[in-house]
Each structure stands twice: as structure tokens, then as C-alpha cells.
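Record features, source TrEMBL:
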{"type": "DOMAIN", "residues": "16-403", "note": "domain 'Major facilitator superfamily (MFS) profile'"}
{"type": "TRANSMEM", "residues": "12-33", "note": "transmembrane segment"}
{"type": "TRANSMEM", "residues": "53-76", "note": "transmembrane segment"}
{"type": "TRANSMEM", "residues": "83-101", "note": "transmembrane segment"}
{"type": "TRANSMEM", "residues": "107-125", "note": "transmembrane segment"}
{"type": "TRANSMEM", "residues": "137-162", "note": "transmembrane segment"}
{"type": "TRANSMEM", "residues": "168-189", "note": "transmembrane segment"}
{"type": "TRANSMEM", "residues": "220-238", "note": "transmembrane segment"}
{"type": "TRANSMEM", "residues": "258-278", "note": "transmembrane segment"}
{"type": "TRANSMEM", "residues": "285-302", "note": "transmembrane segment"}
{"type": "TRANSMEM", "residues": "308-330", "note": "transmembrane segment"}
{"type": "TRANSMEM", "residues": "351-368", "note": "transmembrane segment"}
{"type": "TRANSMEM", "residues": "374-395", "note": "transmembrane segment"}
């Protein structure tokens with residue numbers, strides 16, 4: 001018997017086109033972001049911006065994630081998840097075109113549009129999976145996070161070859177990702193077919209008080225949010241500063257850059273397997289604990305080990321981070337009673353999580369500037385992963401975030 005908590009259409013057969021569309025949407029959530037990092041020096045030289053402005057370019061999407069994530073479930077509640085994702089894809093395409101223009105204003109505007117669009121996808125994918133196929137949540141969550149991480153690694157790796165070897169320049173290199181976004185939009189169009197009436201019905205029933213603070217008042221939701229933030233922090237700090245840390249230890253620039261790719265590729269097995277395991281075991285907390293332990297061991301090695309051990313340490317960090325992000329994402333569905341609740345929790349956790357992710361690299365850079373050493377930043381990274389172990393021990397509990405209350409034909413929730 002299939003699980004049918006709060007969802008009317010669970011028994012629908014899974015569509016291959018729908019699955020492919022979800023994987024394509026997931027690919028759009030990371031590659032457009034990671035593709036710009038390697039091109040920053042080219043953009044800086046071409047536009048004449050300074051390092052501070054260049055840093056803002058990569059931070060704008062994270063700020064957008066923080067501001068927009070709580071709003072995404074509210075929009076979906078009004079017009080439906082399918083339509084919300086469609087509009088986000090349209091905005092993403094506009095943003096990708098804007099940021100490929102040789103203008104600082106257009107670049108910043110495009111990054112903002114892109115960040116808003118990606119924030120919506122980040123938040124709604126866990127909810128729409130729970131809505132459509134909750135019984136397949138483990139497999140689908142693992143698959144879409146693997147798609148995110150794979151596109152992230154590809155985006156990081158091919159940006160410079162596209163700009164230099166292919167002769168496209170940084171503008172053409174960035175614009176290439178619009179092809180993926182347009183293809184995704186075409187794939188997603190059938191998903192909104194026949195939804196216009198449902199959309200109008202949702203809008204007519206909506207009131208101005210559609211926002212619920214119940215999720216934000218739940219201690220359990222805050223612990224899941226903390227876990228999301230703690231697993232995001234090391235990823236974005238290392239994305240910004242790992243090459244500099246390793247070069248300070250004596251590694252050359254080319255090899256230090258490749259360590260980020262090693263991290264991304266080795267996370268793939270963990271992102272696929274973890275949600276499936278989480279659906280099958282009773283003690284899910286062990287997954288959060290193991291992810292933190294792997295990252296802690298890896299961070300200790302990166303901070304104080306020999307250069308020869310760095311690749312092994314990056315594998316451990318990649319596996320741990322892959323486990324942590326996929327465990328966080330599957331938890332949005334496992335600890336909630338409806339698709340809307342899953343989207344609400346996802347919006348809350350990702351809003352705060354990406355706020356930490358945006359602040360983290362800036363603070364680490366400031367600490368390095370003040371101390372002229374990477375010793376304290378490395379200790380902070382280790383401390384963060386230890387906190388991740390502690391938080392992970394509580395995230396895997398089986399009780400729902402909000403208690404369920406039956407009310408006529410509807411379901412309302414309270415803590």
C-alpha cells in the first residue's frame with residue numbers, strides 16, 4: 001500500500017518526462033553559480049571592477065536565496081508549484097542573458113534575477129517530490145541532488161575552456177547555460193498543462209494571511225535549519241578560499257583548483273545513496289552523525305595534514321558534504337505531513353542556511369586579513385563540522401516538525 005499522507009494524487013504513475021524535467025531543473029540550480037567563479041579574473045580585467053565588487057558578484061545569488069526562500073512557498077500556495085517553477089525558469093533565462101552583457105550593471109542585475117529563480121527551485125523541489133511521488137522520495141531526492149552536484153562540477157570545470165579554448169570569452173561562456181535553461185523550460189511546459197483552472201482556483205481562495213509562522217516557531221524546524229546552515233558553511237567557505245589555503249601550504253594553483261572538482265565528484269555517490277538509506281532505516285540520526293564525522297576528519301587533514309593527504313581529505317569532505325546536503329533535503333519531506341509543509345520547511349531552512357553561507361566566506365576572509373594566517377580559519381572550519389555532528393544527531397528523529405490536527409476535510413498543523 002502506498003503512503004498517501006495529505007496528498008490526493010499519489011497513485012499516479014511516475015512519468016519519465018517528469019523525472020527528466022526534475023533532473024534538468026536541479027542541474028540549473030548549481031551550474032550557473034559555479035560557472036562564474038573561475039571567470040572572475042577575466043570579468044574583472046574586462047570590466048575594470050575591483051576585488052570587492054568581484055566578490056559581490058558571487059555573493060548576490062546567496063543573498064537572493066536568503067531573501068526569496070521564505071517567499072517561494074507562499075507563491076506556490078497561491079498559483080501552484082508547477083506554475084511557480086515555470087515562472088522561475090523564465091526569470092532564470094532572463095538573468096542568464098543579462099549577466100552575459102559586458103556591463104557591470106547588467107551583470108549584477110542578471111545575477112540577482114538568477115539568484116531569485118534558483119532560490120525558488122531550491123525550495124520547491126523537495127515539496128513537489130513529496131506532492132507527486134512521496135513513496136519514491138529517497139530515489140528522486142538522491143537523483144536530483146546528484147544532478148545538482150554533477151552540474152556544479154561541470155560548471156566549475158568547463159568555464160575557462162569555453163572562454164579561452166573555444167574563444168567564447170567570459171560572456172559566451174556564461175551564456176551557454178541559457179541553452180540548458182531553455183531546454184528545461186520546454187521539458188517543463190507539459191507539467192502546467194491543464195493547471196490554469198487550478199491556478200485560478202488557488203488564487204481566488206488565497207487570502208492576505210497566507211503566511212504561517214508555525215514552522216518558524218518550531219524548535220525542531222530550527223534544528224533542521226541549523227543543520228542546513230552548518231553543512232552549507234564549509235562548502236561555500238572552501239569554494240571561496242580552499243585554493244588560497246592550499247597554495248599557502250605549497251600546492252600549485254592548478255592542483256589547488258582541481259581539489260574543488262575532486263570534492264564535487266566524490267560527493268555524487270553519497271548524494272544518491274543517502275536519501276534511499278534514510279527512507280529505509282529506523283535510526284536516521286546516524287546519517288547526520290556520520291556526515292559530520294567524515295567532514296571533521298577531512299577538515300583536520302586539510303588544516304594540518306601533509307599535502308600528499310589533501311586529495312584523500314577532499315574525498316572525505318566530499319562524501320560527508322554529499323551525505324549532509326541530501327540528508328537535509330530528504331528530511332524536509334520525511335519530517336513533514338504535506339507537500340506545502342515540506343516547501344515551508346525547505347524555505348525556512350534554506351533562507352537561514354544560505355544567509356550563513358553568504359556571511360561565512362566574508363568572515364573567513366576578514367579573519368585572514370587580520371591575522372595574516374589560515375590557522376584560525378581552519379580551526380573555525382573544524383569547529384563548524386563538530387557542531388554538524390551534534391546537530392545531525394537530532395535531525396534524524398522521526399517525529400514530525402508540526403503536530404497534525406484534523407479539521408473537517410482539511411489538515412491544519414500546530415507545534
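Glycine too: its Cβ is placed from the backbone N, Cα and C atoms.
Count of Cβ pairs under 8 Å against the transmembrane segment (168-189): among 12-33, 258-278, 308-330, 351-368, 374-395, the largest is for 12-33. Counting Cβ pairs under 8 Å that are 6 or more residues apart, the transmembrane segment (53-76) and the transmembrane segment (137-162) reach fewer than 3 and are not in contact. Here the transmembrane segment (308-330) does not lie next to the transmembrane segment (83-101) in space: the count of CB pairs under 8 Å, restricted to residues six or more apart, is fewer than 3. The list of residues near the transmembrane segment (107-125) in space but at least 6 beyond its ends in sequence, with Cβ under 8 angstroms from a Cβ of it, reads 22, 25-26, 28-29, 32-33, 36, 43, 47, 56-57, 60-65, 67-69, 72-73, 75-76, 81, 84-85, 87-89, 91-92, 94-101, 144, 329, 343, 346-347, 350, 354. The stretches the transmembrane segment (351-368) and the transmembrane segment (374-395) meet in space: the count of Cβ pairs below 8 angstroms, excluding pairs fewer than 6 apart in sequence, reaches at least three.
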